[in-house]
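Visitor: Supplied in C-alpha cells, the structure appears directly below.
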Amino acid sequence: MASSGKCVFLVFLCMVALLAPSEVHAKSMVEVNAAHKWYIVEGLCSKFPDCNKHCKEQKFPGGTCLKLGVNMMCTCIYS
C-alpha cells in the first residue's frame, strides 16, 4: 500500500500533466544574418506544411522553419 506522501505526490503530478498546455510555445532569440530576432517556436515543421501562412494566421509578421537541435521547427517572427 502506498503511503499518503506518495499519493499526494502522484495526485500533484497528475494535475500538472492535465493542466499543462498541450503545446508549449517557447520564445528564443536566434541570430540570422548578424541580426538578432525573437522567434516563437510553434512546433515541428511536419505539423505545419506552410509555416509562414500559419504564423500570419496567428497574427505574427511571418515565419520560417529553422533547424533547432536535430529537428526542423516552425518558428514565428516575434519582433
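Glycine is treated like the rest: Cβ placed from N, Cα and C.
Dumping what Swiss-Prot says about this protein:
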SIGNAL    1-26  signal peptide
DISULFID  Cys45-Cys65  disulfide bond
DISULFID  Cys51-Cys74  disulfide bond
DISULFID  Cys55-Cys76  disulfide bond
Visitor: If you count, for each of the disulfide-bonded residues Cys55, Cys65, Cys74, Cys76, the other Cβ atoms lying within 10 Å of its Cβ, which residue has the minimum?
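Guide: Sparsest of the disulfide-bonded residues Cys55, Cys65, Cys74, Cys76 by Cβ contacts within 10 Å: Cys65.
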Visitor: Round to a whole number and give the Cα-to-Cα distance in Å for the pair Cys65 (disulfide bond) and Cys76 (disulfide bond).
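Guide: Cys65 (disulfide bond) to Cys76 (disulfide bond), Cα-Cα distance: 9 Å.
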Visitor: Based on Cβ atoms within 10 Å, give me the single least packed residue among the disulfide-bonded residues Cys45, Cys51.
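Guide: Selected from the disulfide-bonded residues Cys45, Cys51 on minimum Cβ neighbours within 10 Å: Cys45.
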Visitor: Going by Cα-Cα distance, pick out whichever of the disulfide-bonded residues Cys55, Cys74, Cys76 is nearest to Cys45 (disulfide bond).
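Guide: Of all the candidates listed, Cys74 is nearest in space.
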Visitor: About how far apart, in whole Å, are the alpha carbons (Cα) of Cys76 (disulfide bond) and Cys51 (disulfide bond)?
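Guide: It is 8 Å, counting Cα to Cα.
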Visitor: In the three-state scheme derived from DSSP, which category covers Cys55 (disulfide bond)?
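Guide: The three-state answer is helix.
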Visitor: Measuring Cα to Cα, how many angstrom lie between Cys55 (disulfide bond) and Cys74 (disulfide bond)?
Guide: 9
